[in-house]
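Each remark here refers to the structure printed beneath this line.
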Ligand code: SAH
Ligand code: SF4
Ligand code: F3S
């Protein structure tokens, strides 16, 4: 899985996790659904909206695909590999359906949007195809499918934000939750399929966001991550309000931070062209806004950035990094990087490696370029870097990142961090695992009467390139 290679497992690479049921009493529901999600955090958050919509209609979630009446797969189109993974998984589901003909299979998300009704032609055993803005119509589509009719709804919307739907938290540790603050994307990065699968950008009602975060906190959650493809362009004007009432991302961050000092606030993703000083100053002003910015560079070469239509230059990016370091000296910066974009030469690749050195990323998600049908790059440019070379450059980028991560993590040895306990460490129940403000994973022996969701001060005494080890002080 070279194109998904990263130095650390992250939600974006969480694949195919099934969701925990809300099924205290299995007899309470006449039908059971199973949902599996791929792709970015937004897709995982959407699955929680889907679960809420289905729950309301009397469907209960199950973790066991074999017992489900309805099998949903929430799909991703970002790279060819992501779509292949979904197709493979569908083959498994189709086998189940052959054994249990009454089962319905529904394809949700970005691949549904991209392929639309073509999906039904290509995958004969699929019954329902629903795009990201059409989940409210799911109950009706399920009814139609039960009557033997194949159903498709891939209408994109300019308004839909599911603001009024309280997501059913699935597979959650009860400590951190994702909260969608906007949908779609108005940027047209030439490599990217998202604007086509998710439609126009729209911001969700600020009050509904704050309310959702407050409810989470009141239910014991200690961390919310505000999600959008480009959170810095969040801009919400209340109904009947005007521009002077607009809520910017910085304002929204502040509103959420003010809910409670014990509620940590994170966000993703920031676009280098849009992140403002106001956001950085808001981060500095509130201890509970975590000091971690995901600022994807994509490439370190201005020429390539222009072809990518990222609308910033190498120099602009470097200035943003400087600005972050100036206002938030303790802030972690992470990135996404694409190797082997159209026309990329050795010098461009070297520019990417050097911008990584400059930015000293704690973590990057690194991919080789995968041409996507319908995108600007596919229509305008030739995918002319040979696969072998793409992979070789990606490997160099990965090695660079590994080295940077290790160097950065080593610098934390001797320091003390406030860590939010996520739960037992996977390796041993004698240890806790948690994260610091910089989102670095910290593992430390249990000591005293702490529990999941507590904050503890941990002094670091060892590390790998992806984990800090320490002791509670
Ligand atoms: N909105 C986010 C990114 C969403 S997609 C942003 O603007 O940063 C996540 C990452 O997938 C992108 O940052 C990019 O690095 C990668 N990606 C997107 N399209 C790709 C493609 N066609 N080939 C390879 N990687 C791609
Ligand atoms: Fe894709 Fe660019 Fe939008 Fe991110 S900002 S989702 S990379 S078009
Ligand atoms: Fe994939 Fe769609 Fe997210 S293409 S990365 S699931 S927005």
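Each residue, glycine too, has its Cβ placed from N, Cα and C.
According to TrEMBL, the feature region 'Disordered' maps to 1-20.
Under the heading domain 'MTTase N-terminal', TrEMBL lists 31-147.
Classification of residue 110 ([4Fe-4S] cluster 1 binding site) by DSSP places it within a helix. Its Cβ placed at the centre, residue 110 ([4Fe-4S] cluster 1 binding site) has 28 other Cβ atoms within 10 Å. According to TrEMBL, the [4Fe-4S] cluster 1 binding site annotation covers 40, 76, 110.
Feature annotation from TrEMBL assigns domain 'Radical SAM core' to 171-407.
The feature [4Fe-4S] cluster 2 binding site is assigned by TrEMBL to 185, 189, 192. Using a 10 Å Cβ-Cβ cutoff, residue 192 ([4Fe-4S] cluster 2 binding site) registers 23 neighbours.
The domain 'TRAM' annotation in TrEMBL covers 410-473. Across the domain 'TRAM' (410-473), the prediction's mean pLDDT works out to 97.
Between the C-alpha atoms of residue 76 ([4Fe-4S] cluster 1 binding site) and residue 192 ([4Fe-4S] cluster 2 binding site), the distance comes to 12 Å. In the vicinity of ligand 3, defined as a Cβ distance under 6 Å, the following of the binding-site residues 40, 76, 110, 192 are placed: 40, 76, 110. For the binding-site residues 40, 76, 185, 189, the greatest number of Cβ atoms within 10 Å around a candidate Cβ is found at 76. Only 185, 189, 192, of the binding-site residues 40, 76, 110, 185, 189, 192, place a Cβ under 6 Å from an atom of ligand 2. Taking a Cβ distance under 6 Å to any atom of ligand 1 as the criterion, the binding-site residues 76, 110, 192 reduce to 192.
Taking the C-alpha positions, the distance from residue 110 ([4Fe-4S] cluster 1 binding site) to residue 189 ([4Fe-4S] cluster 2 binding site) comes to 17 Å.
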